[in-house]
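Below: the structure, in structure tokens.
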Amino acid sequence: PALFMENARKGSIVSRANSIGSTSASSVPNTDDEDSDYHQESYKESYKDKRRRAHTQAEQKRRDAIKKGYNDLQAIVPTCEQQDFSISSQKLSKAIVLQKTIDYIQFLHKEKKKQEEEVATLRKDVMALKIMKVNYEQIVKAHQDNPNEGKNQISDEVKFNVFQGIMDSLFQSFNASISVTSFQELSACVFSWIEEHCKPQTLRDVVIGVLHKVKNQLY
């Protein structure tokens, strides 16, 4: 009987201990596994927020860069300045800014080409003036080397014949090359004729030919 009572007492103690253990376990809010899942879920949400925020910032930077580019174009391109007071309160659209920029760039290309042509023409003029300068220097030097040649003066009639011969020769080529249908054609033909028939070598040949004729008439 004593052994039976002792075993019964021990069994009661074990049962009470198990009951207390189970109650304590059920009162714990989170286990280690549950806590780990909670932190992992929080980390995932935080990573998504960071990516979303980074994407938003990158998109905003891109839009700001585009806006700054259009503002710079409006400040640089003169034709983007609004002239119509009826739309002065309205902002130019991006399409209009781009079209005006394209038109202005094309205008600058044409102006550049025009200036290059003018520079080429001026270079030709400079070359012609240099050639004329050399010819006049040779004439002056010839008079200085032979001062007695000036004693036999040529008459005005001979001078006029030389001038007339030169002008007649030039007019023949001019008359054959020039069209007077319109001022535009006249201008184009005149420049073309000058470039072809008024070269220093061509004029020199004309003058030499006229001088030979006059010389044959005098002697």
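Cβ coordinates come from backbone N, Cα and C, glycine included.
TrEMBL annotations: computationally assigned, not manually curated.
Keep in mind the model is a prediction, meaning the values are calculated, not measured.
Feature list (source: TrEMBL):
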- 105-132: coiled coil (COILED)
- 15-30: compositional bias 'Polar residues' (COMPBIAS)
- 37-48: compositional bias 'Basic and acidic residues' (COMPBIAS)
- 56-65: compositional bias 'Basic and acidic residues' (COMPBIAS)
- 50-108: domain 'BHLH' (DOMAIN)
- 1-65: region 'Disordered' (REGION)
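Counting residues of the compositional bias 'Basic and acidic residues' (56-65) by DSSP class, helix then strand then coil, yields 10 helix, 0 strand, 0 coil. DSSP places the residues of the domain 'BHLH' (50-108) in helix, strand and coil in these numbers: 48 helix, 0 strand, 11 coil.
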